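Record features (TrEMBL):
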- D464, N491, G493: Mg(2+) binding site (BINDING)
- 26-135: domain 'Thiamine pyrophosphate enzyme N-terminal TPP-binding' (DOMAIN)
- 223-342: domain 'Thiamine pyrophosphate enzyme central' (DOMAIN)
- 433-558: domain 'Thiamine pyrophosphate enzyme TPP-binding' (DOMAIN)
Amino acid sequence: MDFKVGAIDAVTIQTPTVPFNSPCSTLGRHLARRLVQIGVTDVFSVPGDFNLTLLDHLVSEPELNLVGCCNELNAGYAADGYARARGVGACAVTFTVGGLSVLNAIAGAYSENLPLICIVGGPNSNDYGTNRILHHTIGLQDFSQELRCFQTVTCYQAVVNNLEDAHELIDTAISTALKESKPVYISIGCNLPGIPHPTFSREPVPFALSPRLSNMMGLEAAVEAAPEFLNKAVKPVLVGGPKMRVAKACDAFVELSDACGYAVAVMPSAKGLVPEHHSHFIGTYWGAVSTAFCAEIVESADAYLFAGPIFNDYSSVGYSLLLKKEKAIIVQPDRVTIGNGPAFGCVLMRDFLAALAKRLKHNPTAYENYHRIYVPEGHPLKCEPKEALRVNVLFQQIQNMLSGDSAVIAETGDSWFNCQKLKLPQGCGYEFQMQYGSIGWSVGATLGYAQAAPEKRVIACIGDGSFQVTAQDISTMLRCGQRTIIFLINNGGYTIEVEIHDGPYNVIKNWNYTGLVDAIHNGEGKCWTTKVRCEEELVEAIEAANGAKKDCLCFIEVIFHKDDTSKELLEWGSRVSAANSRPPNPL
């Protein structure tokens, strides 16, 4: 079954039955089979004494691969990346010391609407309610600290400390993750995974999740009102937002685009959700840092439909977008708002967009205006022989590397802006974490994405500051035999922070990054590293990565001047800085 991130409507995978009284009829094997059944074939884990028996049972499931990570944060980031490619991900850690370490990654997955199963090996079931003090806790007799932390970043929490209701709790947690497209938390008592129980004696009944349905009266009313709003506009446009993914509405958005002929843009965090080879695609709408000529067309439109937008301080460039509410139709996963009103609830985005496609007049005016003013972008200045490499030259070379067999992972920082300008070929994947923006996310996410989609050659663009947070799991990539290409952008600090507010804290200790990766490699697995300082060396490195070293993990450290950034970051940083430094409102 083809899984996509979002509310999965029906999971009906059949698997062989397990007879009564089988040694496989245990809680641990039930959980393992459930994970395989929903499409999870890799679980990212860190062992600890509370989860060791559970890990034994996950290892025993022949269709499940346990991927040991260097720390819990990276295990969570890897499950995040895996969910982006496969549709659902899972990680397994130990109680409290592991759970609180993975918490940041789970919060990021929650912000990005990713279904992720976070499994924690919990205390022995006999210890609940005894007023005992356990290790791996903060020394209180209350074991609920971890649970309370997870309640804010998961959509369901299951604490399994007896076998009678374990089946129901586990199944409810997993199905809720799929329906809500959010992370869930499952804590399993450390003494329970290996005990047979009658509720696990048969292969679990396949999930059959009821699809969400639109309120038909609301849908009809919305589809009556929206064409009246859009058909009277002279130069309307469409803008895709990140929530199209959770709404499973990407295909419906393209269908609408084909039907209406409007100019089509995406918000930055929706890059990769709309095919960039579409005939009316005009680029990324990101206010003052949009791709060339895109903002002018969007902001001068007399009507715009935003499908699944998130307007935060980052996506709005410090709240500086030149949009007017009365010109906008805002389509959220289950709600449509037209101008200043009316609003229609219980209307699914994909149903609305598909129905709207049949009602709009064809109007290519905005795209024709774009085509009229568009000037092909220039190329970076030609490098002199052995001249110090520039960032714009690097990304010109990365552009030439992309194909339908590629996927781009962009780390928080200047890579956001440089990767945003890449033109994605048909089938090329693209991921970054804009809402949460946790530096270091991309190392684990690259591990998880590559594990979930081995047919893709992942190209990760990671800044040196971010890499220092999570570098260890290069080790896990090597153990898994991955062939990712990592461009380590070494410019001596937290460049994105420099452009928002500079200070000595933004300068980091320089590492010999290739030397570090060589030490991690330690002769085990396929790994190739190189350090480049000029365009000639970069071209040679890319040729090697795509040629003789195509079966290796390729780590290319690229040295830049500390002030070499995209022009978009300079503009964006000054606007976000202004938003951050607004004085308090007067009382």
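Note that Cβ sites are derived from N, Cα and C of the backbone, with glycine treated the same way.
These numbers come from a predicted model, not from an experiment.
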Cβ neighbour count (within 10 Å, all chains shown) around N491 (Mg(2+) binding site): 22
Environment of D464, N491, G493, the listed Mg(2+) site - residues of the same chain whose CB lies within 8 A of the CB centroid: G463, G465, I489, N490, G492, Y494, T495, I508, F560, K562
All-chain count of other Cβ atoms within 10 Å of G493 (Mg(2+) binding site): 20
